[in-house]
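Enquirer: From TrEMBL, here are the annotated features:
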DOMAIN    B:7-193  domain 'Survival protein SurE-like phosphatase/nucleotidase'
BINDING   B:Asp12, B:Asp13, B:Ser43, B:Asn100  divalent metal cation binding site
2 protein chains.
Amino acid sequence: MNPKPTILVTNDDGINAPGIRALIEVMTTLGDVIVVAPDSPQSAMGHAITINSTLYLNKISPENANVVEYACSGTPVDCVKLAVNEILKKKPDLCVSGINHGSNSSINVIYSGTMSAAVEAGIEGIPAIGFSLLDYTWEADFEAVKPFVQKIAQKVLTEKLPEGTILNVNFPKLPQEAIKGIKICRQAKAIWMEKFDKRQTPYGKDYYWLTGEFVNQDKGEDTDEWALQNGYVSIVPVQFDLTAYHAIQQLNSWDL
Amino acid sequence: MNPKPTILVTNDDGINAPGIRALIEVMTTLGDVIVVAPDSPQSAMGHAITINSTLYLNKISPENANVVEYACSGTPVDCVKLAVNEILKKKPDLCVSGINHGSNSSINVIYSGTMSAAVEAGIEGIPAIGFSLLDYTWEADFEAVKPFVQKIAQKVLTEKLPEGTILNVNFPKLPQEAIKGIKICRQAKAIWMEKFDKRQTPYGKDYYWLTGEFVNQDKGEDTDEWALQNGYVSIVPVQFDLTAYHAIQQLNSWDL
């Protein structure tokens, strides 16, 4: 009999978020789980790493717990690096990140700490999945999506992911019976229209809050946005080779 | 006669870094320059944005300066968003980021604040270039690369960049006469082998510094690493559609 797979769980909402609690619960049905997650929320951290300050790891699970948990002072990417190099000292069989409170579909993948943790694992050669639910609230209900999380993670454990890819999985905010199924998609060409909320400090100095509106002008039915709006779970295979291969020939004609 | 182009300059080493000073100097030969850059070093910030704290902009150039400069409390990506939405209130004709003190070739593009600023501009539909010199020191000498910076930026202003792409330009650390030319490349499949430097605080608590070794096992002569090691300036066209299109068919066979 095969030994149980080792599964690394992380996120960007912080180790106490309900989303990671749901993910841990599902992963314990599939393997031996280790959790290394930020000790505080790290949303929108992108692929940031900590090079100009120190990193702390605090073991927060009791000695007899069946899931070992570490809270880390760094970013989601730091968590993956520390987990692999300092705690496990080997590559886990799977790395899962999330379940994020809020969408990481379309262009959000670029800003997402959840996805960057998964991408970091992918770079290190570890099969990896980022999971996100289209509900930004702390009170988000993850019950409906647990069977899908289990099915997708099980599939990644048994099949091989295509080389150099990780999965970006987003769930619509729907009751379980209303979810129509799973679609493999491309990233919709949507953008954020920024709007800064300009205010003044009590001392008269201007400052800004970043806000914005998500605008999707990509009507393709093969996109993650279409899938989510039509009641499907979206899976986008994501790559970390950012080369725009189609552009190389054009640039070669530039006579530089 | 065409009006002079508006050029936005940013970086991740901070507004006082010698690299951005060199970039500003070159850009003033090509257009009207506005600088919005971090007020402190923001290396390795990836595509992080600031959503849980306030953002400040401080105009630091004198009233009669021919280049208007703002120092921003946020990340490189925040700088681009604030510049476009709050200062210029229009899209500049070009956004350039750097010149970074240190390489952003190969997988470094993922961690780089310099490149994320350029990618953010690209997402917003602005032609964009990130420049980096393979010299991490503050004392790095940017004289040799100025003619290349000017030539590449001029070319991007006159030609159109392929849609959805930005340029990742890296310079070898060589005297000008030793630089053999410019090569259009793909991102080498190299990785960082992490190594954490584990220490103890004066109070007995463990902490870590992230360090590592860059390992390139990609021997392709069409890569940025090959170009740089052989005395060429490397240009990689970078895309922000992260979809691994080649993987979609394989995943569709998974019966999910």
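Using the three backbone atoms N, Cα and C, a Cβ is placed for every residue, glycine included.
I'd like to know what surrounds each of these features in this structure.
Expert: In this model, the domain 'Survival protein SurE-like phosphatase/nucleotidase' (B:7-193) carries an average pLDDT of 95.
The Cβ of B:Asp12 (divalent metal cation binding site) has 33 neighbouring Cβ atoms from other residues within 10 Å, across all protein chains displayed.
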Enquirer: Relative to the Cβ position of B:Ser43 (divalent metal cation binding site), how many further Cβ atoms are located within 10 Å?
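Expert: For B:Ser43 (divalent metal cation binding site), the 10 Å Cβ neighbour count is 22.
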Enquirer: Neighbours of the divalent metal cation site B:Asp12, B:Asp13, B:Ser43, B:Asn100: Cβ within 8 Å of the Cβ centroid, same chain, sequence order.
Expert: B:Asn11, B:Gly14, B:Ala17, B:Gly19, B:Pro41, B:Gln42, B:Pro76, B:Gly98, B:His101, B:Gly102, B:Ser112, B:Gly113, B:Thr114
Enquirer: My list of binding-site residues is B:Asp12, B:Asp13, B:Ser43, B:Asn100; which of them have a Cβ under 8 Å from any chain A Cβ, in sequence order?
Expert: B:Ser43
